[in-house]
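This report concerns only the one structure given below.
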Amino acid sequence: MAELRALVAVKRVIDYAVKIRVKPDRTGVVTDGVKHSMNPFCEIAVEEAVRLKEKKLVKEVIAVSCGPAQCQETIRTALAMGADRGIHVEVPPAEAERLGPLQVARVLAKLAEKEKVDLVLLGKQAIDDDCNQTGQMTAGFLDWPQGTFASQVTLEGDKLKVEREIDGGLETLRLKLPAVVTADLRLNEPRYATLPNIMKAKKKKIEVIKPGDLGVDLTSKLSVISVEDPPQRTAGVKVETTEDLVAKLKEIGRI
């Protein structure tokens, strides 16, 4: 079992602590000069892959990111956490803004085949678009079994036991490898990269390739019509009686 190899997808997103601003032309959100970091769910996926390696269940952990040159910073973070090497699928910034789950899933599927990995790990969703689609699409392209929203992952021989929380209970899946797993928040607590590991990460290899090298066309089939801030909420009012409530609702045109 020590010969297993894992591919972990990591996405560069606007940091969760940053207040999002919409562009004046409403074509997207402002990203220039804004702090970015690794998607929190991706951090959990990296942590799980590294833990499997520390248990000698996985031989190699490969971190991959698809996007502009700055994505290499995100890959370096994964390398500092314990990934062995990185792959950067370089996409120009303007094109990267239009990347959707379908295009990224095509890239991940091709890389999984090229690298002959046994396990693809990724966050269940990204905090920027909240799509929750990439893992499922990747499994579909590869025709591999999938375990989504994983809260616990255990290797049992040639199968992967995945526990996932569902409404009213816990569901257990046993996936025959190779497989795709998406990480839930409850899967683990990601480690902080230590300074020595950050320094070591600078010496680890990051291979830079183009989507065309994988035979993938990243042309999006979707177009964004408009991006807008949510409407401002108005302050509520207190009423003393049911009659006052009915009168107020009539006043604002709700009844």
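Glycine residues also receive a Cβ, built from the backbone N, Cα and C atoms like all the rest.
Of the listed segments 22-44, 114-136, 137-159, 183-205, Swiss-Prot assigns region 'Recognition loop' to 183-205. When the binding-site residues A9, A126, D129, N132 are compared by Cα distance to K238 (N6-acetyllysine), the shortest distance belongs to D129.
Considering only the modified residues K203, K210, S226, N132 (AMP binding site) has S226 as its nearest partner by CA-CA distance. Under the DSSP three-state reduction, N132 (AMP binding site) is assigned to coil, being neither helix nor strand. Per-residue pLDDT, averaged along the region 'Recognition loop' (183-205), amounts to 94 for this model. It is K248 that, of the modified residues K238, K248, has its Cβ surrounded by the most other Cβ atoms within 10 Å.
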